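Feature list (source: TrEMBL):
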- 28-357: domain 'Aminotransferase class I/classII large' (DOMAIN)
- Lys228: N6-(pyridoxal phosphate)lysine (MOD_RES)
Amino acid sequence: MTSLDELPIRDDLRGLEPYGAPHLHLPVELNVNENTHPIPEDVARDIIESIARELITVNRYPDREFTALRESLAGYLEGTEPGSGITREHIWAANGSNEILQQILMAFGGPGRSVLGFPPTYSMHSIIAKGTGTEWIAGERDPGFLISPSTAVEWIQKTTPDVVFFCAPNNPTGTALGLDTIRAAYDAFDGIVVVDEAYAEFAPAGEPTALSLLEGRPRLIVSRTMSKAFAFAGARLGYLAADPAVTDALRLVRLPYHLSALTQAAAVAALAHAPEMLAMVDDIKAQRDRMVEELTALGYSPWPTAANFVLFGGVDEPEALWQQLLDRGIIIRNLSIPGHLRVSAGTAAETTAFLDAMRELTPPRP
Ligand SMILES: *Cc1c(COP(=O)(O)O)cnc(C)c1O
(Lines of atoms letter the chains of each structure in order from A and count residues from 1; the text may use other names and numbers.)
(Lines give C-alpha, C1' and ligand atoms only; values in the text may rest on other atoms or scores of the structure.)
Protein backbone atom coordinates (compact mmCIF):
# COMPACT_ATOMS: atom_id res chain seq x y z
CA MET A 1 0.00 0.00 0.00
CA THR A 2 1.15 3.51 -0.81
CA SER A 3 1.40 5.99 2.04
CA LEU A 4 0.17 9.55 1.73
CA ASP A 5 3.76 10.81 1.94
CA GLU A 6 4.64 9.03 -1.27
CA LEU A 7 1.95 10.79 -3.31
CA PRO A 8 2.68 14.02 -5.19
CA ILE A 9 0.33 15.93 -2.89
CA ARG A 10 0.48 19.76 -2.60
CA ASP A 11 3.43 20.74 -0.41
CA ASP A 12 1.22 22.85 1.82
CA LEU A 13 -0.95 19.82 2.66
CA ARG A 14 1.95 17.62 3.76
CA GLY A 15 1.81 16.62 7.40
CA LEU A 16 -1.68 18.02 8.06
CA GLU A 17 -4.28 16.12 10.08
CA PRO A 18 -7.87 15.80 8.82
CA TYR A 19 -10.87 16.80 10.98
CA GLY A 20 -11.00 14.03 13.51
CA ALA A 21 -13.81 14.03 16.05
CA PRO A 22 -14.10 10.36 17.04
CA HIS A 23 -17.26 8.98 15.42
CA LEU A 24 -18.40 6.25 17.81
CA HIS A 25 -21.93 5.04 18.35
CA LEU A 26 -22.75 4.93 22.04
CA PRO A 27 -25.89 5.17 24.17
CA VAL A 28 -25.14 8.81 25.09
CA GLU A 29 -23.45 10.91 22.38
CA LEU A 30 -22.66 14.40 23.61
CA ASN A 31 -19.46 15.05 21.66
CA VAL A 32 -20.19 17.03 18.48
CA ASN A 33 -22.90 19.48 19.60
CA GLU A 34 -25.63 17.89 17.55
CA ASN A 35 -29.23 18.44 18.47
CA THR A 36 -29.95 15.25 20.37
CA HIS A 37 -33.68 15.42 19.69
CA PRO A 38 -35.11 13.55 16.70
CA ILE A 39 -37.26 15.27 14.04
CA PRO A 40 -40.95 15.33 15.12
CA GLU A 41 -42.91 12.69 13.26
CA ASP A 42 -45.36 14.99 11.47
CA VAL A 43 -42.46 17.09 10.20
CA ALA A 44 -40.62 13.97 9.07
CA ARG A 45 -43.70 12.90 7.12
CA ASP A 46 -43.87 16.29 5.34
CA ILE A 47 -40.18 16.08 4.51
CA ILE A 48 -40.61 12.60 3.05
CA GLU A 49 -43.56 13.71 0.89
CA SER A 50 -41.62 16.68 -0.33
CA ILE A 51 -38.60 14.52 -1.21
CA ALA A 52 -40.89 11.97 -2.89
CA ARG A 53 -42.37 14.64 -5.16
CA GLU A 54 -38.90 15.81 -6.10
CA LEU A 55 -37.67 12.30 -6.77
CA ILE A 56 -39.90 11.95 -9.82
CA THR A 57 -37.92 14.64 -11.64
CA VAL A 58 -34.51 13.73 -10.27
CA ASN A 59 -33.41 12.82 -13.82
CA ARG A 60 -33.09 16.60 -14.29
CA TYR A 61 -30.53 18.88 -12.66
CA PRO A 62 -31.87 20.76 -9.62
CA ASP A 63 -32.65 24.48 -9.48
CA ARG A 64 -29.12 25.87 -9.56
CA GLU A 65 -30.30 28.99 -7.75
CA PHE A 66 -32.36 27.08 -5.13
CA THR A 67 -34.83 29.95 -5.26
CA ALA A 68 -37.57 28.37 -3.13
CA LEU A 69 -35.05 27.43 -0.46
CA ARG A 70 -33.53 30.91 -0.37
CA GLU A 71 -37.03 32.35 -0.03
CA SER A 72 -37.74 30.01 2.92
CA LEU A 73 -34.43 30.78 4.63
CA ALA A 74 -34.96 34.54 4.22
CA GLY A 75 -38.43 34.19 5.72
CA TYR A 76 -37.04 32.24 8.64
CA LEU A 77 -34.29 34.80 9.39
CA GLU A 78 -36.60 37.77 8.99
CA GLY A 79 -38.96 36.01 11.42
CA THR A 80 -36.24 35.49 14.05
CA GLU A 81 -34.87 39.00 13.70
CA PRO A 82 -37.70 41.25 12.48
CA GLY A 83 -36.58 44.35 10.65
CA SER A 84 -33.28 42.92 9.47
CA GLY A 85 -34.62 43.36 5.92
CA ILE A 86 -33.29 40.02 4.73
CA THR A 87 -34.69 38.83 1.39
CA ARG A 88 -33.79 35.85 -0.75
CA GLU A 89 -31.23 38.00 -2.62
CA HIS A 90 -29.20 38.13 0.61
CA ILE A 91 -29.17 34.36 1.05
CA TRP A 92 -26.79 31.70 -0.17
CA ALA A 93 -26.80 28.01 0.82
CA ALA A 94 -24.57 24.95 0.55
CA ASN A 95 -24.08 21.45 1.92
CA GLY A 96 -23.46 22.52 5.50
CA SER A 97 -21.95 25.78 6.69
CA ASN A 98 -18.53 24.18 6.32
CA GLU A 99 -19.05 24.32 2.56
CA ILE A 100 -20.25 27.91 2.93
CA LEU A 101 -17.00 28.81 4.71
CA GLN A 102 -14.98 26.95 2.08
CA GLN A 103 -16.70 28.86 -0.73
CA ILE A 104 -16.06 32.14 1.11
CA LEU A 105 -12.34 31.37 1.32
CA MET A 106 -12.23 30.20 -2.30
CA ALA A 107 -13.64 33.57 -3.34
CA PHE A 108 -12.00 35.90 -0.82
CA GLY A 109 -8.99 33.94 0.45
CA GLY A 110 -6.72 31.52 -1.40
CA PRO A 111 -2.99 31.48 -2.17
CA GLY A 112 -1.24 34.70 -1.18
CA ARG A 113 -4.10 35.70 1.12
CA SER A 114 -4.74 35.18 4.83
CA VAL A 115 -7.55 34.69 7.31
CA LEU A 116 -7.36 35.77 10.94
CA GLY A 117 -9.18 33.74 13.58
CA PHE A 118 -9.18 33.64 17.37
CA PRO A 119 -8.42 30.21 18.90
CA PRO A 120 -9.56 28.30 20.74
CA THR A 121 -12.27 28.24 18.09
CA TYR A 122 -13.95 25.87 15.66
CA SER A 123 -11.20 23.57 14.36
CA MET A 124 -12.65 23.56 10.84
CA HIS A 125 -11.85 27.25 10.39
CA SER A 126 -8.11 26.61 10.18
CA ILE A 127 -8.58 23.32 8.31
CA ILE A 128 -10.70 25.02 5.61
CA ALA A 129 -8.12 27.80 5.43
CA LYS A 130 -5.36 25.29 4.74
CA GLY A 131 -7.47 23.33 2.26
CA THR A 132 -8.07 26.48 0.22
CA GLY A 133 -4.42 27.55 0.40
CA THR A 134 -5.26 30.50 2.64
CA GLU A 135 -2.74 31.37 5.33
CA TRP A 136 -4.28 30.89 8.81
CA ILE A 137 -3.34 33.54 11.36
CA ALA A 138 -4.07 32.69 14.98
CA GLY A 139 -4.98 35.78 16.99
CA GLU A 140 -5.26 35.76 20.76
CA ARG A 141 -8.28 36.29 22.96
CA ASP A 142 -8.60 38.36 26.13
CA PRO A 143 -8.93 36.54 29.47
CA GLY A 144 -12.18 34.56 29.70
CA PHE A 145 -12.01 33.78 25.94
CA LEU A 146 -13.45 37.24 25.21
CA ILE A 147 -12.52 39.43 22.22
CA SER A 148 -12.82 43.13 22.96
CA PRO A 149 -13.14 45.63 20.11
CA SER A 150 -9.60 46.89 20.73
CA THR A 151 -8.14 43.37 20.75
CA ALA A 152 -9.80 42.60 17.41
CA VAL A 153 -8.61 45.88 15.90
CA GLU A 154 -5.05 45.42 17.18
CA TRP A 155 -4.80 41.96 15.61
CA ILE A 156 -6.21 43.20 12.31
CA GLN A 157 -3.77 46.12 12.22
CA LYS A 158 -0.85 43.92 13.20
CA THR A 159 -1.51 41.09 10.72
CA THR A 160 -3.42 42.81 7.85
CA PRO A 161 -5.55 39.75 6.95
CA ASP A 162 -7.86 39.56 3.93
CA VAL A 163 -10.61 37.82 5.92
CA VAL A 164 -11.48 37.71 9.63
CA PHE A 165 -13.41 34.80 11.11
CA PHE A 166 -15.41 35.23 14.30
CA CYS A 167 -17.47 32.47 15.87
CA ALA A 168 -20.45 33.69 17.91
CA PRO A 169 -21.25 32.01 20.25
CA ASN A 170 -17.78 30.51 20.04
CA ASN A 171 -17.19 26.78 19.71
CA PRO A 172 -15.70 25.21 21.90
CA THR A 173 -15.92 27.82 24.67
CA GLY A 174 -19.58 28.94 24.36
CA THR A 175 -18.48 32.58 24.68
CA ALA A 176 -20.79 35.25 23.27
CA LEU A 177 -19.35 38.04 21.10
CA GLY A 178 -20.35 41.69 21.41
CA LEU A 179 -21.68 43.41 18.30
CA ASP A 180 -19.28 46.27 19.12
CA THR A 181 -16.35 43.94 18.35
CA ILE A 182 -17.81 43.03 14.97
CA ARG A 183 -18.43 46.70 14.14
CA ALA A 184 -14.90 47.69 15.17
CA ALA A 185 -13.32 44.86 13.18
CA TYR A 186 -15.33 45.79 10.10
CA ASP A 187 -14.20 49.40 10.30
CA ALA A 188 -10.56 48.44 10.91
CA PHE A 189 -9.80 47.16 7.40
CA ASP A 190 -11.17 46.65 3.89
CA GLY A 191 -11.51 42.88 4.07
CA ILE A 192 -14.29 40.40 4.64
CA VAL A 193 -15.68 39.79 8.14
CA VAL A 194 -17.33 36.41 8.63
CA VAL A 195 -19.40 35.70 11.73
CA ASP A 196 -20.05 31.98 12.13
CA GLU A 197 -23.36 31.90 14.01
CA ALA A 198 -23.90 28.13 13.98
CA TYR A 199 -25.30 28.33 17.54
CA ALA A 200 -27.24 31.61 17.28
CA GLU A 201 -30.57 30.03 18.21
CA PHE A 202 -29.19 28.92 21.60
CA ALA A 203 -28.12 32.45 22.62
CA PRO A 204 -30.33 34.44 25.02
CA ALA A 205 -33.65 35.15 23.29
CA GLY A 206 -34.32 38.64 22.00
CA GLU A 207 -30.69 39.75 21.78
CA PRO A 208 -29.71 41.01 18.32
CA THR A 209 -27.22 38.95 16.31
CA ALA A 210 -24.80 39.99 13.58
CA LEU A 211 -27.78 39.89 11.18
CA SER A 212 -28.73 43.28 12.60
CA LEU A 213 -25.40 44.70 11.33
CA LEU A 214 -25.75 43.64 7.69
CA GLU A 215 -27.48 46.79 6.47
CA GLY A 216 -24.81 49.09 5.01
CA ARG A 217 -21.96 46.58 5.54
CA PRO A 218 -21.42 44.80 2.21
CA ARG A 219 -18.22 43.06 3.45
CA LEU A 220 -19.97 41.39 6.41
CA ILE A 221 -21.12 37.77 6.08
CA VAL A 222 -23.23 35.93 8.66
CA SER A 223 -22.98 32.15 8.38
CA ARG A 224 -25.73 29.91 9.78
CA THR A 225 -26.59 26.23 9.72
CA MET A 226 -29.58 23.93 10.10
CA SER A 227 -27.25 21.33 11.69
CA LYS A 228 -27.64 22.39 15.30
CA ALA A 229 -30.87 24.13 16.36
CA PHE A 230 -32.84 22.57 13.47
CA ALA A 231 -31.70 19.01 14.23
CA PHE A 232 -30.66 18.67 10.57
CA ALA A 233 -26.97 17.73 10.82
CA GLY A 234 -27.41 14.65 8.65
CA ALA A 235 -29.20 16.55 5.88
CA ARG A 236 -26.27 18.98 5.35
CA LEU A 237 -27.70 22.47 4.97
CA GLY A 238 -25.75 25.60 5.81
CA TYR A 239 -26.43 29.12 4.59
CA LEU A 240 -25.36 32.72 4.86
CA ALA A 241 -26.87 36.16 4.85
CA ALA A 242 -24.90 38.99 3.24
CA ASP A 243 -25.05 41.69 0.62
CA PRO A 244 -26.29 40.26 -2.72
CA ALA A 245 -22.87 41.08 -4.24
CA VAL A 246 -21.34 38.47 -1.90
CA THR A 247 -23.62 35.78 -3.32
CA ASP A 248 -22.48 36.83 -6.81
CA ALA A 249 -18.89 36.24 -5.72
CA LEU A 250 -19.76 32.77 -4.48
CA ARG A 251 -21.44 31.90 -7.78
CA LEU A 252 -17.95 32.11 -9.29
CA VAL A 253 -16.55 29.33 -7.11
CA ARG A 254 -19.44 27.00 -6.32
CA LEU A 255 -19.85 23.85 -8.36
CA PRO A 256 -22.89 24.00 -10.60
CA TYR A 257 -25.91 22.28 -9.01
CA HIS A 258 -24.05 21.87 -5.72
CA LEU A 259 -27.28 21.57 -3.72
CA SER A 260 -29.20 18.43 -4.64
CA ALA A 261 -32.91 18.67 -5.38
CA LEU A 262 -33.53 16.30 -2.46
CA THR A 263 -31.60 18.49 -0.02
CA GLN A 264 -33.49 21.56 -1.22
CA ALA A 265 -36.85 19.79 -0.86
CA ALA A 266 -36.03 18.49 2.61
CA ALA A 267 -34.87 21.87 3.87
CA VAL A 268 -37.86 23.77 2.48
CA ALA A 269 -40.23 21.28 4.12
CA ALA A 270 -38.40 21.52 7.46
CA LEU A 271 -38.35 25.33 7.38
CA ALA A 272 -42.13 25.35 6.93
CA HIS A 273 -42.22 23.82 10.44
CA ALA A 274 -39.65 26.16 11.97
CA PRO A 275 -41.51 26.73 15.27
CA GLU A 276 -41.98 22.99 15.82
CA MET A 277 -38.41 22.20 14.79
CA LEU A 278 -37.13 24.82 17.20
CA ALA A 279 -39.42 23.79 20.05
CA MET A 280 -36.56 21.71 21.48
CA VAL A 281 -34.22 24.67 21.69
CA ASP A 282 -35.62 25.92 25.00
CA ASP A 283 -35.47 22.38 26.36
CA ILE A 284 -31.84 22.04 25.34
CA LYS A 285 -30.98 25.40 26.89
CA ALA A 286 -32.56 24.22 30.14
CA GLN A 287 -30.44 21.04 30.08
CA ARG A 288 -27.34 23.12 29.34
CA ASP A 289 -28.07 25.37 32.32
CA ARG A 290 -28.58 22.28 34.47
CA MET A 291 -25.15 21.01 33.40
CA VAL A 292 -23.54 24.34 34.31
CA GLU A 293 -25.20 24.34 37.71
CA GLU A 294 -24.43 20.73 38.62
CA LEU A 295 -20.86 20.76 37.29
CA THR A 296 -20.25 23.82 39.41
CA ALA A 297 -21.68 22.03 42.45
CA LEU A 298 -19.28 19.14 41.76
CA GLY A 299 -16.35 21.54 41.90
CA TYR A 300 -15.70 22.03 38.17
CA SER A 301 -15.47 25.42 36.47
CA PRO A 302 -17.86 25.68 33.53
CA TRP A 303 -17.41 28.77 31.34
CA PRO A 304 -20.42 31.00 30.63
CA THR A 305 -22.09 29.59 27.52
CA ALA A 306 -24.58 30.93 24.98
CA ALA A 307 -24.54 27.73 22.91
CA ASN A 308 -25.84 24.14 23.31
CA PHE A 309 -22.66 22.90 25.01
CA VAL A 310 -20.53 23.54 28.06
CA LEU A 311 -16.75 23.82 28.28
CA PHE A 312 -15.70 23.03 31.83
CA GLY A 313 -12.35 23.37 33.56
CA GLY A 314 -11.03 21.93 36.78
CA VAL A 315 -10.48 18.48 35.27
CA ASP A 316 -7.26 16.97 36.63
CA GLU A 317 -6.84 14.41 33.87
CA PRO A 318 -9.09 15.15 30.90
CA GLU A 319 -8.06 12.09 28.87
CA ALA A 320 -8.66 9.73 31.80
CA LEU A 321 -12.07 11.22 32.62
CA TRP A 322 -13.03 11.17 28.93
CA GLN A 323 -12.14 7.45 28.81
CA GLN A 324 -14.01 6.64 32.04
CA LEU A 325 -17.14 8.30 30.65
CA LEU A 326 -16.66 6.36 27.41
CA ASP A 327 -16.48 3.12 29.40
CA ARG A 328 -19.93 4.04 30.73
CA GLY A 329 -21.32 4.55 27.21
CA ILE A 330 -21.06 8.34 27.26
CA ILE A 331 -18.95 10.23 24.75
CA ILE A 332 -18.03 13.89 25.25
CA ARG A 333 -15.17 15.87 23.71
CA ASN A 334 -11.55 16.27 24.68
CA LEU A 335 -10.22 19.23 22.69
CA SER A 336 -6.77 19.21 24.26
CA ILE A 337 -7.44 22.42 26.18
CA PRO A 338 -5.46 21.70 29.36
CA GLY A 339 -7.72 20.81 32.29
CA HIS A 340 -10.89 21.05 30.21
CA LEU A 341 -13.55 18.92 28.52
CA ARG A 342 -16.58 19.95 26.46
CA VAL A 343 -20.02 18.36 26.67
CA SER A 344 -23.09 18.97 24.50
CA ALA A 345 -26.45 19.44 26.19
CA GLY A 346 -28.56 16.33 25.71
CA THR A 347 -32.13 15.32 26.30
CA ALA A 348 -33.14 15.31 29.97
CA ALA A 349 -32.31 11.57 30.19
CA GLU A 350 -28.92 11.94 28.50
CA THR A 351 -28.04 14.91 30.68
CA THR A 352 -28.99 12.92 33.75
CA ALA A 353 -26.84 9.98 32.62
CA PHE A 354 -23.87 12.31 32.10
CA LEU A 355 -24.29 14.09 35.44
CA ASP A 356 -24.78 10.82 37.34
CA ALA A 357 -21.57 9.46 35.82
CA MET A 358 -19.71 12.68 36.66
CA ARG A 359 -20.92 12.46 40.27
CA GLU A 360 -19.58 8.90 40.46
CA LEU A 361 -16.26 9.74 38.81
CA THR A 362 -15.50 12.91 40.74
CA PRO A 363 -13.43 12.31 43.84
CA PRO A 364 -14.64 14.27 46.87
CA ARG A 365 -12.83 17.61 47.02
CA PRO A 366 -10.91 18.48 50.18
C1 LIG B 1 -21.18 22.55 14.12
C2 LIG B 1 -20.62 23.81 13.58
C3 LIG B 1 -20.88 24.18 12.27
C4 LIG B 1 -21.76 23.34 11.44
O5 LIG B 1 -21.26 22.90 10.30
P6 LIG B 1 -22.24 22.27 9.22
O7 LIG B 1 -21.32 22.07 8.09
O8 LIG B 1 -23.29 23.30 8.95
O9 LIG B 1 -22.81 21.02 9.81
C10 LIG B 1 -20.37 25.39 11.81
N11 LIG B 1 -19.66 26.18 12.61
C12 LIG B 1 -19.42 25.86 13.88
C13 LIG B 1 -18.67 26.80 14.74
C14 LIG B 1 -19.87 24.66 14.39
O15 LIG B 1 -19.61 24.34 15.65
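Here the Cβ of each residue, glycine as well, is placed from N, Cα and C on the backbone.
Just so you know, TrEMBL annotations never went through curation; they're auto-generated.
For Lys228 (N6-(pyridoxal phosphate)lysine), the same-chain residues 6+ apart in sequence whose C-beta sits under 8 angstroms from its C-beta are Asn33, Glu34, Asn35, Ala198, Tyr199, Glu201, Phe202, Asn308. Each residue in the domain 'Aminotransferase class I/classII large' (28-357) has a pLDDT score, and their mean in this model is 96.
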